[in-house]
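A short worksheet on the structure shown next.
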Amino acid sequence: MTCVLPLRAADSGLRMLHTLGAAMALSGWLLVVAACCLPAWKVAAVGAARPGWTGLWASCVEQSGGRMRCQRLDSVLALPRDLQAARGLTLLSLVTGLCGAGVSVLGGRCVRCVENERSRAQARVLAGSFFAVSGCLCLVSVSWSAYATVAGAGADPLTAEARSYALGAALFMGWAAAALLLAGGGLLCVKCPPRREHAAGVVTFTPVSSTTSKEGV
């Protein structure tokens, strides 16, 4: 007699976990893109004479009549030191996240170029590591900028005058992106302990018959 114990339930649950992790990580990476492009890392504090916003690539000031005057910050030297570091760290976060997205495709079950399940598992772990590093870089970037913003005033690139700033929406988007990248990367790194492979994904065992025991005696 042969007893069969199916292992499909564990594999299905692990597949759903990896799918959820990939979706969370990709959503976090898209939030990093939005935070990088949004010119709202620092906003003028309430009561400021001139409302304005400063981002990684542009600085905007509201002038009389409600018109906005924006200036591109192509040079890194035009940014405060915290935003100089934030620009570099955010770009590194985008690159590592993009690498994670590319490697995660190789770990997908629908990809035919990687047939070995062990190689796919290694690709998923590598993708999760890339996403986790991307989340750490994004977290350091926005946290550093937030600390510098709360700690003191900075100089406006357009007016060269000291002014007080508050936290912008891009920082909160960056924190949310870091959380999604870290959580998604962690889920992609989850894997079952190694087990012996059997046909059709099942474990089989055959009990010893009583006649065999008698012959041995």
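Glycine is treated like the rest: Cβ placed from N, Cα and C.
Because TrEMBL annotations are produced automatically, they should be read as predictions rather than curated entries.
Taken from TrEMBL, the feature transmembrane segment covers 20-41 (among others).
The annotation transmembrane segment is assigned in TrEMBL to 89-111 (among others).
Residues 18, 21-22, 25, 28-29, 32, 35, 41-42, 82-83, 85-86, 89-90, 92-94, 96-97, 99-101, 103-104, 106-107, 114, 167, 170-171, 174-175, 177-182, 184-189, 191 of the same chain lie 6+ residues outside the transmembrane segment (123-147) yet bring a C-beta within less than 8 angstroms of a C-beta in it. The annotation transmembrane segment is assigned in TrEMBL to 123-147 (among others).
Per TrEMBL, transmembrane segment is recorded for 167-190 (among others). For the transmembrane segment (167-190), the residues of the chain that approach it from at least six positions outside its boundaries are 14, 17-18, 20-32, 34-36, 38-43, 53-55, 90, 97, 100, 104, 107, 124-125, 127-132, 134-136, 138-139, 141-143, 145-146, 149-150, judged by C-beta separation under 8 angstroms.
Within the same chain, residues 53-60, 70, 83, 86, 90-91, 93-94, 97-98, 100-101, 104, 127-128, 131, 134-135, 138, 142, 145, 149, 168-171, 173-174, 176-181, 183-188, 190 sit at least 6 positions outside the transmembrane segment (20-41) and bring their C-beta atoms closer than 8 Å to a C-beta of that stretch.
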